[in-house]
Amino acid sequence: MNQNNRPYIVVTNQGQSLPPFELTKSKHILGRDCQFADLLVPPDWGVISRCQATLVEKQGNYIIYDGDGVNPSSNKLFINHHLIAHDIGYPLQNGDIIKVGQNINILITLKYFNSHSLSNVNQASLSSINLQQKSVVIGRDETANLQLLSPAVSRKHAVLDYLEPSTYLLYDYSTNGVYVNGTKVNGKIIINTAATIKILPYTLLLQNNQLFIADTGDNIRLDARNIVRTVKGNGNEQITLLNQISLPIEPGQLVALVGGSGAGKSTFMRTLLGIEPTTTGTVYLNGEDLRNNFNLYRNQIGYVPQKDIIHNSLTVVEALRYAAKLRLPQDADIDEIIEKTLGQIEMQERRHVLVKNLSGGQLKRVSIGVELLVDPKLFFLDEPTSGLDPGLDKKMMQLLRKLADQGRTIVLVTHATGNINLCDRLVFLGQGGNLCYFGTFSDACQFFNLRNGDFAEVYIQLDNQTAVIHTTQRYRWSSYQHQYIDQRLGVSDSSVIAPKPSPPRVSPLRQAWILCQRYGQIMARDPVNVGIAIATAPIGILLIDLAIAVREPFILGSEADPKLAPLAQTVLLVFSCAAIWVGLAGSLQEIVKENDIYSRERLVNLNLFAYIASKVTVLSGLAFLQTLAMVAVILMAFGHPPATLLPWGLGLTITTYLTLFSALCLGLMVSTFAKSETQANTALPILLLPQIIFSGVLFQIKGVSQYLSWLTVSRWSIGAYGTLLDINGLVPEPIIFPDDKVMESAFKTNPVYDPSWGNLLINWQVLLLQGFLCLAIIFLLKKRQDII
Ligand SMILES: Nc1ncnc2c1ncn2[C@@H]1O[C@H](COP(=O)(O)OP(=O)(O)OP(=O)(O)O)[C@@H](O)[C@H]1O
């Protein structure tokens, strides 16, 4: 502290601090140009304007204004990502850190000290650590040298080892990853110079052997700049969905996107969220291009889509637990976080209720709860109040207000305008994505000249394109455009092109295990369905036993029987088709029915391999039970043929299981292509018919149809069954008449059933190969569906 105990500021550029500037006059100007500024920074500090900030004394303290108080500076001033307006200013308190510009890589800060003023020393100013000759642990644990208090941070997230002056070795031990200068760390990285280290919401700066928290990520602002989105219409004409929209959303604001149906609200919200591409224009998150850096933010942005995306058969607490396990690090205090979340959404009393038994409002609250688990500071909700009664609508809006007041930036699309006065900003979009209004609710009443504040009138005023265009123009020239947009839009240094960070690393095996548990639990909640899935094929097989008169279709009696081989083949066709049927029926719905949940989880951090593996693992488990049931019934209902290559029971089990596996993979693949559950159901007969027609049992397969038969599961399944059974061995020898004429049996031996190991293995291998091929196609299809 200086001797006179006068307030002073310390200006720091990339860790290099100038001697403190003592504030002695009633007005000071900080800048690069000695013509205006009395607090002069070196002329080569180009980010600072010639006249960057004006400090005006008021009752022993100072108010800081951007620029000269009349004109703003080019890079502007920010405190916790709140823009400091050049005309309104910001009253400084001891410990405040003001940033020039928003680009974290060009960090220039002004730190204000005044021993007589209220202290506002925040975490950022305290949390710095000297790295000289030290090893520093960064993490959530209280024993960490640099503690980062976010639930998504691992207890021991990273370790920074000092190697030699200005050289460090950073080890990443985390679940959710570390990024150094925009590049994801794979295991460890040597840092030679100053670096920006991103750990979830935190930005750490390493400079001059000091590591400090430059940003806690608590305050998120979004700046949409000149957003245009056009798409091609049916006649190849360009349709404009969003038309030149620029607006700032500041930290802690609750913003409602309103407008007529089809005006582009959801499109705009998805653009602000970073998942909808723009034709021109950019959305900046705290000054960084959001789409370019989406991987840095993907697990920190909360997004509740219009459709509720929670599994119906789980209880509230189970749904939260699985979401927490998928999104949070392994060492997170999941019980504590779930308890806190249940409190936030006021669902403690309903924790053990099945999701399908919740009311619309409760369900929406659980959807919000799932997102709150990682404590996101940026939250998007698409029509969170749709279908709620006015009372619930109000409660939901109050909940969102409370969440915003806790420091979250929240954007919601809504049609219910009864409670939008709780929002800090309204965005009214007219048809064609035209920005008709942006500002507060009370100013909206003025702008639209609303009687009694009935906002529904705006929809009537703007029900035609001419009115929309006129209002858009009127808004552009109004003082509100200046007050809410021009003055407050943040700046971003687009000249710094950072590399696109890769997505955070997750453990596919851990995720697969969590997903298997969830999928298994959902299945177990519907025992009747599981029972039917297991019993269907055995019941079908028992019906054949009733239908055919012959008790032993697989065993040759003492006399040759020309009907036995075709009968055995037909019975095997039924086995094969029964297995294919149940394999398909159990899997056709399984991907399409949770497309919405998958999309949301994939956007956060879901590993595609883990997702597919969980589906295949659980369905293969079910297939195993189905196989056991089928084999048991076959062994009970029909006589056991003599062992050829393998004992009949063992061969039957392997072939049935492989048939089911191949069919369930085919079902999953079709489910990936399907647009809806109905479409997937419709596919069942279309998939089954070729299995019967091209199986080679009902018709002789020749020419092209032979190639088609290779694509079916039944061809290889019957091939394997027939080989094991040695169908050819059931065909009677040709009858030779005394005149040497030969009468062949109507059913000829077939090389498909050649009772050799080579033949059997080919059939089994093709069944496996078909399954894996389907899985590879699912992987590629799902990968192509990735939105970002
Ligand atoms: N990818 C696209 N291709 C073509 N048209 C699209 C595309 N996405 C959206 N649209 C069209 O853009 C318009 C705006 O859609 P959007 O869903 O954003 O509107 P909205 O205001 O959210 O509507 P609602 O309130 O009815 O949900 C609609 O007419 C929609 O059909």
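Cβ coordinates are placed from backbone N, Cα and C, and glycine is handled just like the others.
What TrEMBL records for 28-84 (among others) is domain 'FHA'.
Feature annotation from TrEMBL assigns domain 'FHA' to 136-185 (among others).
If you look up TrEMBL, you'll see 222-460 marked as domain 'ABC transporter'.
Distant neighbours of the transmembrane segment (528-550): 564, 567, 571, 574-575, 578-579, 581-582, 585-586, 622, 625-626, 629-630, 632-634, 637-638; these residues of the same chain sit at least 6 beyond its ends, with a Cβ under 8 Å from one of its Cβ atoms. According to TrEMBL, the feature transmembrane segment maps to 528-550 (among others).
According to TrEMBL, the transmembrane segment annotation covers 570-588 (among others).
Listed by sequence, the residues of this chain that lie at least six past the ends of the transmembrane segment (608-639) yet keep a Cβ under 8 A from its Cβ atoms are 506, 508-512, 515-516, 518-520, 523, 530, 533-535, 537-538, 541-542, 544-545, 551-555, 571, 575, 578-579, 582-583, 586-587, 590-591, 598, 601-602, 648-649, 652-653, 656-657, 660-661, 664-665, 668, 775, 778-779, 782-783. Here TrEMBL flags 608-639 (among others) as transmembrane segment.
Residues annotated as transmembrane segment in TrEMBL: 645-670 (among others).
Residues or ranges marked as transmembrane segment in TrEMBL: 682-701 (among others). Within the same chain, residues 569-570, 572-573, 576-577, 580-581, 584-585, 588, 666-667, 670, 674, 708-709, 711-715, 718, 750, 752 sit at least 6 positions outside the transmembrane segment (682-701) and bring their C-beta atoms closer than 8 Å to a C-beta of that stretch.
If you look up TrEMBL, you'll see 761-781 (among others) marked as transmembrane segment.
If one looks beyond the transmembrane segment (761-781) by at least 6 residues along the same chain, the residues whose Cβ comes under 8 Å of a Cβ in the stretch are 591, 608-609, 612, 616, 654-655, 658-659, 661-662, 664-666, 668-669, 672-673, 710, 713, 716-717, 719-720, 723.
DSSP assignment over the domain 'FHA' (28-84) gives 0 helix, 23 strand, 34 coil. Taking H, G and I as helix, E and B as strand and the rest as coil, DSSP gives the domain 'FHA' (136-185) the counts 0 helix, 23 strand, 27 coil.
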